There are 2 protein chains.
Amino acid sequence: MNTNLPSLKVKDIGEQGLLKIIQSFCPADIIGDDAAVLTTTPQKSLVVTTDMLIDGVHFSDVTTSPEDAGWRAAAANLSDLAAMGAFPLGITVGLGLPGDLSVAWIEKLYQGITECLQKYNVSIVGGDIVRSPITTLSITAFGEVKPDLIIRRSTAQIGDTIIVTGIHGASRAGLELLLNPEIAQNLKTTEKTALIAAHQRPIPRLDVLPIIEEILLPISPSSHLLISGMDSSDGLADAVLQICRASGVGAILEQSKISVPSAFNHWLTPEQSLNYALYGGEDFELVLCLPPKTASALVEKLGTGAAIIGTITPGSEVNLKHENAKIPNQVLTLSQGFQHFS
Amino acid sequence: MNTNLPSLKVKDIGEQGLLKIIQSFCPADIIGDDAAVLTTTPQKSLVVTTDMLIDGVHFSDVTTSPEDAGWRAAAANLSDLAAMGAFPLGITVGLGLPGDLSVAWIEKLYQGITECLQKYNVSIVGGDIVRSPITTLSITAFGEVKPDLIIRRSTAQIGDTIIVTGIHGASRAGLELLLNPEIAQNLKTTEKTALIAAHQRPIPRLDVLPIIEEILLPISPSSHLLISGMDSSDGLADAVLQICRASGVGAILEQSKISVPSAFNHWLTPEQSLNYALYGGEDFELVLCLPPKTASALVEKLGTGAAIIGTITPGSEVNLKHENAKIPNQVLTLSQGFQHFS
């Protein structure tokens, strides 16, 4: 069967034909049973996360190639594991496909998924393919974490320092450049390329986990409460607000510490810049709350982009403090972010 | 918020409203992080399986209430775990929902899912809700199994006895009664009810696992190859064919040993009866291949419905042998079963 024919459709090759193609993206020994078998590490907890992505809602051929849709879906799930402090064990991929979808599209989707997974030595360990009127992708990712190093939203403590592992707003800016290629004439090509890559090929911050382990374990080998946090996939403001709500605390963020891509300076107004950073979403950085000394040590070790952006406070408000003390604090709310069913 | 209003739609209550409803079906402590954390048992392997179900393809309001759709989806995933010999740890539920779907439908779906799970002490440990033009359900189930007791399709040995854990054809007959309530006038109400229940509320055979363990462990505490098999969710013929293909063997089945519901005797012709049993599907029994003595001991212990139906042979053909030696063997093929994309 020549799957390189661009016109070949799902309905032309059937379920068995599709399975053969998909199996070429999976390790040989996991195929053929009702379920996949994985080996876990004793003394570690299992972490599980799941995401559904719908054609026209979460991805679209206008801004996203099938390769990029696959990469982004895999990256989002690995980022959810990183947000819990967990190293990935594997993912399952469920696919709902219209009969007239091209087989080439599916191959490119899997290529994008596996390109992202390979960077972290992760495999597709199972899945399901079914007929559906709308292309639907459902990914479940499994990881494991030492119980002492689980990162939770609900354990932020008053006095904790809030840090980010990188800059924010790049993904949103990249999307804008894809939707309106004629804007931002005064950006260099390299700047445009970097922003678009931030949107199309976001990087889950699994690299942060060994650094956290290196810094935290010597300080307190048995504490459960040293680290709180989540990823910024729904925006930096959303992450801080979710952590505060779950922990029953407030926060103060310093606007001047929230770093954005340098390209923003000669393109966007300060207000647009801040808006992209706070509400743009899909940057997949980690937002972490730790005791001040540990936070400083972690930021130093993480290097470029990582920064202390604020402090956990009593109360429940998240305030954004302007550099100019005369400008009043802005109170951040969840409703400024995305509403998926609106 | 009064969710009892029958007219209340998904778009009326938004993502946060939906989350509140769904959280009432989940354990309190697993909500609110990017991923769920589960504790596994040392020395056991992790087993993962995933299923996607699409409105109009896998369930339909014509034959399936939302409660039953939920039950069946949960049961199918638990059956996939049972088919690997694994005891369930939890499931995740991904939902794609049109904005004009009624909230009551979703509550009933979750009610069905949790009714099935509760029988086995299993919880929904995570999920995702997204907007989609078509109602889509994606379930991933996790379980664990002692490595020596993993049931695989690929390990059937020539000379093994093939057993089933129960009767076949009931689910297919129940579907027929739902689609054509006027047929089978000579069936008793209790018979009809039992067949319809077999279709609407199938039972995953997790109860078989402790019995397998009880019989197998004393015989060979360290063998990996004592048991092979899968579930009969795609039909009894499909199960035997898949096992044979994966193991590189053939099989001979004795037609007279394949037991069907007793109601079939005064309703269906012998041909229809056999057809329902072999190709009907969704009975969720286990089809297992073991050495003859162990197989006999297991069938005896399992009781009603369990039976020895054949033997694993050299070659690759699966032959169905008639009681009357003059009638030639029938060769079973996969193409007689369902083709999902045809």
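Cβ coordinates come from backbone N, Cα and C, glycine included.
Record check, TrEMBL: Mg(2+) 4 site residues include B:Asp34, B:Asp80, and the candidate from B:Thr41, B:Thr49, B:Thr92 also listed there is B:Thr49. Proximity note: of the listed binding-site residues (B:Asp34, B:His58, B:Asp80, B:Glu282), B:Asp80, B:Glu282 have a CA within 10 Å of the CA of B:Ser233 (ATP binding site), given in sequence order. Among the binding-site residues B:Thr49, B:Thr50, B:Asp51, B:Asp80, B:Arg153, no residue is found with its Cα located within 10 Å of the Cα of B:Glu282 (substrate binding site). Helix, strand and coil counts under DSSP for the domain 'PurM-like N-terminal' (B:32-145) come to 34 helix, 45 strand, 35 coil. Looking at B:Asp34 (Mg(2+) 3 binding site) and B:Thr50 (Mg(2+) 1 binding site), their Cα atoms lie 20 Å from each other. Summary: among the binding-site residues (B:Thr49, B:Thr50, B:Ser233), the fewest other C-beta atoms within 10 A of the C-beta are counted at B:Ser233.
The CA atom of B:Gly127 (ATP binding site) is located 26 Å away from the CA atom of B:Asp231 (Mg(2+) 3 binding site).
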